[in-house]
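*Asks:* Have a look at this one.
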Amino acid sequence: MARKKIALIGGGQIGGTLAHLAALKEMGDVVLFDIVEGLPQGKTLDLSQSSPVEGFNSKLKGANDYADIAGADVVIVTAGVPRKPGMSRDDLLGINLKVMKAVGEGIGKYAPDAFVICITNPLDAMVWALQQFSGLPTNKVCGMAGVLDSSRFSHFLAEEFNVSVQDVTSFVLGGHGDTMVPLIRYSTVAGIPVPDLIKMGWSTQEKIDQIVQRTRDGGAEIVGLLKTGSAFYAPATSAIEMAESYLKDKKRLLPCAAFLSGEYGLSDMYVGVPVIIGEGGIEKIVEIELQGEEKTGFDHSVNAVKGLMDACQNIDSSLA
Ligand code: APR
């Protein structure tokens with residue numbers, strides 16, 4: 001059986017980490033693409049030289065030509081610029097929109113059957129533009145945000161409750177930005193919802209509210225500390241989890257930026273919702289009933305995403 005092919009567009013911090021993880025997990029052979037000559041070749045040579053020690057058989061190749069991604073089963077996109085301290089994800093819009101055009105056209109030409117995961121920010125608007133520029137079906141193009149945001153939330157909750165991260169499940173919806181909506185009642189420790197844990201005296205509402213805020217600001221906190229770039233380990237791990245669900249037809253239920261066609265009362269846009277990822281790509285959008293503040297928060301987040309889509313359309317009128 002032929003090996004799977006994983007194409008990574010963008011060979012920077014996240015791209016390099018994705019290549020490392022994909023090789024360690026032997027998900028398939030890896031092509032790392034970047035516009036900078038030498039960068040992807042250097043990273044893949046370095047990674048290949050770790051394979052005898054690690055014992056993985058994935059082949060890694062660096063590329064500056066889109067022809068090298070031909071026939072990819074999965075494409076993960078991180079091409080673009082990351083945030084600097086003081087910048088919001090939205091500040092990246094103008095530059096990264098142009099990058100999405102080039103990347104989308106490259107994918108459309110050489111990897112039209114791939115499952116595409118976008119990580120480039122501002123995520124919800126970039127994945128929307130990428131899908132259109134690529135011409136791929138909407139169920140095969142999605143964005144990575146919710147898995148990362150939920151993982152950040154779970155990490156903080158595990159610390160607060162002093163329990164294993166393995167027993168924490170958490171749920172974050174909405175756009176990938178300061179307006180994301182962590183759903184406390186669907187966040188649990190081994191099935192016990194957080195509101196019950198508060199009643200049991202494990203924490204207080206005030207502390208949970210602080211954790212929600214820290215989760216919302218999770219990316220900015222890391223940008224502030226790194227000063228020269230944004231988070232890369234957890235974003236890469238999160239996208240790999242989505243790619244594995246597709247490649248192995250796992251049918252994981254994960255929060256992702258997915259294209260909506262009437263679900264949640266929304267159409268023709270991408271926003272973070274729970275989905276099932278299997279061999280058919282985004283196989284199902286799971287519609288949960290939002291209550292009170294959750295609904296208000298989700299609406300607020302959706303409006304922020306719509307604002308970014310408008311800004312994209314002002315720059316590129318071909319976007320519909
Ligand atoms: N085509 C391909 N690669 C490109 C292009 C392009 N048109 N433009 C830029 N790149 C490459 C850069 O050369 C760089 O190697 O994208 C890479 C981005 O890497 P980093 O600057 O290290 O950024 P990273 O931390 O990996 O984040 C990438 O993901 O989370 C988001 O906000 C983040 O939008 C940013 C993206």
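Just so you know, the numbers here start at 1 and follow the chain as drawn.
Cβ from N, Cα, C; glycine included.
Unlike curated entries, TrEMBL annotations are predicted automatically.
When I checked TrEMBL for this same protein, it listed these features:
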DOMAIN    5-143  domain 'Lactate/malate dehydrogenase N-terminal'
BINDING   GLY10, GLY11, GLY12, GLN13, ILE14, GLY15, ASP34, ASN96, ILE119, THR120, ASN121  NAD(+) binding site
BINDING   ARG83, ARG89, ASN121, ARG152  substrate binding site
DOMAIN    148-308  domain 'Lactate/malate dehydrogenase C-terminal'
ACT_SITE  HIS176  active site, proton acceptor
*Asks:* List, in residue order, those binding-site residues out of ILE14, ASP34, ILE119, ASN121, ARG152 with a Cβ under 6 Å from any atom belonging to ligand 1.
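*Replies:* The qualifying binding-site residues are ILE14, ASP34, ILE119, ASN121.
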*Asks:* Between C-alpha atoms, which of these recorded positions comes nearest to ARG89 (substrate binding site): GLY10, GLY12, ASP34, HIS176?
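*Replies:* The smallest Cα gap between ARG89 (substrate binding site) and any of the recorded positions is with HIS176.
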*Asks:* Which residues, in sequence order, are found in the same chain with Cβ within 8 Å of the centroid defined by the Cβ atoms of ARG83, ARG89, ASN121, ARG152 at the substrate site, excluding those residues themselves?
*Replies:* PRO122, LEU123, HIS176, GLY177, GLY219, ALA220, VAL223, SER230, ALA231
*Asks:* May I ask which residues of the same chain, at least 6 positions away in sequence, place their Cβ under 8 angstroms from the Cβ of ASN121 (NAD(+) binding site)?
*Replies:* GLY80, PRO82, ARG83, ARG89, LEU92, ASN96, HIS176
*Asks:* Indicate the candidate from GLY10, GLY12 with the smallest number of other Cβ atoms within 10 Å of its Cβ, considering only these binding-site residues.
*Replies:* GLY12
*Asks:* Out of ARG83, ARG89, ARG152, HIS176, which of these recorded positions shows the lowest number of other CB atoms within 10 Å of its CB?
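*Replies:* Selected from the recorded positions ARG83, ARG89, ARG152, HIS176 on minimum Cβ neighbours within 10 Å: ARG83.
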*Asks:* Could you state the whole-number distance in Å separating the C-alpha atoms of GLY10 (NAD(+) binding site) and ARG152 (substrate binding site)?
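*Replies:* About 23 Å separates the two Cα atoms.
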*Asks:* Taking the Cβ of ILE119 (NAD(+) binding site) as the centre, how many other Cβ atoms fall within a 10 Å radius?
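*Replies:* A count of 28.
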*Asks:* Per 10 Å Cβ neighbour count, which of the binding-site residues ILE14, ASP34 ranks highest?
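*Replies:* That would be ILE14, with the highest Cβ count within 10 Å.
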*Asks:* So the record assigns ARG83, ARG89, ASN121, ARG152 to substrate. If I measure every Cα pair among those residues, what is the longest distance in angstrom, as a whole number?
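*Replies:* Across ARG83, ARG89, ASN121, ARG152, the widest Cα separation comes out at 18 Å.
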*Asks:* Could you state the whole-number distance in Å separating the C-alpha atoms of ILE14 (NAD(+) binding site) and ARG152 (substrate binding site)?
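*Replies:* Taking the Cα atoms only, ILE14 (NAD(+) binding site) lies 17 Å from ARG152 (substrate binding site).
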*Asks:* Can you tell me the mean pLDDT for the domain 'Lactate/malate dehydrogenase N-terminal' (5-143)?
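*Replies:* Here the predicted model's pLDDT, averaged over the domain 'Lactate/malate dehydrogenase N-terminal' (5-143), is 96.
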*Asks:* In the domain 'Lactate/malate dehydrogenase N-terminal' (5-143), how many residues does DSSP call helix, how many strand, and how many coil?
*Replies:* 67 helix, 25 strand, 47 coil
*Asks:* Measuring Cα to Cα, how many Å separate ASP34 (NAD(+) binding site) from ARG152 (substrate binding site)?
*Replies:* 28
